[in-house]
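Quick notes on the structure that follows.
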Amino acid sequence: MSHRKFSAPRHGSLGFLPRKRSSRHRGKVKSFPKDDPSKPVHLTAFLGYKAGMTHIVREVDRPGSKVNKKEVVEAVTIVETPPMVVVGIVGYVETPRGLRTFKTVFAEHISDECKRRFYKNWHKSKKKAFTKYCKKWQDEDGKKQLEKDFSSMKKYCQVIRVIAHTQMRLLPLRQKKAHLMEIQVNGGTVAEKLDWARERLEQQVPVNQVFGQDEMIDVIGVTKGKGYKGVTSRWHTKKLPRKTHRGLRKVACIGAWHPARVAFSVARAGQKGYHHRTEINKKIYKIGQGYLIKDGKLIKNNASTDYDLSDKSINPLGGFVHYGEVTNDFVMLKGCVVGTKKRVLTLRKSLLVQTKRRALEKIDLKFIDTTSKFGHGRFQTMEEKKAFMGPLKKDRIAKEEGA
C-alpha cells in the first residue's frame with residue numbers, strides 16, 4: 001500500500017459543520033451582552049443594510065508604534081442604519097431550563113411594512129393582522145388587561161426585550177417587507193426597562209442612541225452565496241499533480257475500506273457560502289447623519305472632516321454600486337463585513353470588555369474617499385469633475401434644444 005510519508009494538519013475547520021445554506025436570511029443574535037443594572041437603560045443591538053466599501057485616511061494615535069502620528073489608508077464598510085421603530089415588548093422569566101416568554105405586548109398602531117412580515121402573500125391577503133389586538137388599547141377592559149400585563153411583567157420578569165422593525169420605505173431597496181427582531185434592553189432595574197420601553201412604543205430609535213463613536217461591535221449576518229462548489233474551492237484541499245487520472249481538484253483518499261462509509265470529517269463537494277456567521281470586534285470609525293433639511297436647504301455634507309472641508313456626502317459619484325444612495329444615518333466600520341450589498345446585518349454590542357489599546361484608540365478621520373466605485377474614479381465631487389472636464393457636448397446640445 002502506498003501512503004504519504006508525512007502528516008499534515010487537516011484542511012478546513014469542522015467547527016462550522018454542516019456547511020449548508022442558512023435557514024434564515026437575517027442574522028440571529030444567539031446571546032446578548034450581560035446585563036449591568038448600574039448602567040443607564042439602553043438597547044444592545046440594531047439592524048442595518050450593507051451599502052458598500054470605500055477607503056479613508058486617518059492619523060494613527062498609538063505611542064511607541066512605527067506608524068504613530070503618521071497617516072494610514074484603511075478600507076471601511078458603509079452600513080445604512082435608518083431609525084428602527086419599537087412595536088412591542090416581551091418579558092422573560094428565568095427557569096432551570098433557560099428563559100421562557102412570560103408576556104408579549106404589541107403597540108396600538110403597527111405600520112403595513114411591519115404587518116407584511118406576518119404574511120406570505122400580502123397582495124392576496126385580507127390584511128387583518130392585529131385588527132382585533134389593537135382594540136385592546138381602545139376599550140376600558142382592554143386597557144385594564146394591558147396595565148395588568150405590565151404590572152405582572154414588572155413583578156415576575158428578569159429580562160425585557162423590545163420588538164423593533166426597520167423602515168424599508170426609507171431605503172433604496174425593492175423590498176417592502178420590514179425586518180423584525182427582538183432586542184434586549186440592558187441597564188437599570190426591570191421597572192426602569194419596562195418604563196423605558198413603554199415610552200418608546202411606536203417611536204423611532206436612531207442608531208446613535210445604541211452605539212457610540214470608536215466602539216467595538218459584533219456583526220452577525222449571512223455570507224455571500226457561492227452555490228455548489230468542488231472540494232478544492234470549498235475546503236481548500238491541495239490540488240493533485242497534473243498527470244492524475246480522473247481529475248486533480250479532488251481528495252485522493254476518502255478513507256479506509258472499512259468502516260464502509262465516508263466519515264463526516266472528510267472534505268467533500270457541496271454548498272459554499274450563504275452561511276450564518278458572527279464576526280466580532282469591528283470598530284466604528286464614524287456614525288454619520290443622514291440628509292437633513294435646515295433653513296429650507298438640503299444638508300448633505302456628511303463626509304466632510306476637519307481636514308477635508310469640501311461639501312460632499314458619503315455617497316461615491318454614481319452612488320454605491322448595486323445599492324444606490326445612502327440618504328439615512330449610517331455606520332462606518334473598519335474593514336469588511338459578511339454578505340453582499342443590500343444584505344441585512346445585525347449589529348450587536350460586544351459581549352467582551354474591551355481592554356486592548358487598538359480597541360480604545362480614538363479615531364481621527366482626515367479624509368473619506370468618494371470617487372466613483374465603478375472603474376478607476378478620480379474625482380471626489382461632481383463640481384470637481386465639471387471643473388476638470390469643462391463644458392460638455394451634451395450640455396451644449398441640451399442648451400440649444402432648450403433655446
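Positions of Cβ are set from backbone N, Cα and C atoms, glycine also.
Looking up LYS283, LYS394, LYS399 in Swiss-Prot for SUMO2 cross-link, the annotated residue turns out to be LYS399.
The candidates are LYS154, LYS193, LYS341, LYS393; Swiss-Prot tags LYS393 with the feature SUMO2 cross-link. Checking the candidates HIS245, HIS275, HIS376 against Swiss-Prot, the annotation tele-methylhistidine falls on HIS245. Within 10 Å of the C-beta of LYS136 (N6-acetyllysine) we count 17 further C-beta atoms, all protein chains included. Residues of the region 'Disordered' (1-37) grouped by DSSP class, helix first, strand second and coil last, total 0 helix, 0 strand, 37 coil. Across the structure, LYS286 (N6-acetyllysine) and SER304 (phosphoserine) are spaced 12 Å apart at their Cα atoms. LYS373 (N6-acetyllysine) carries neither a helix nor a strand DSSP state and counts as coil.
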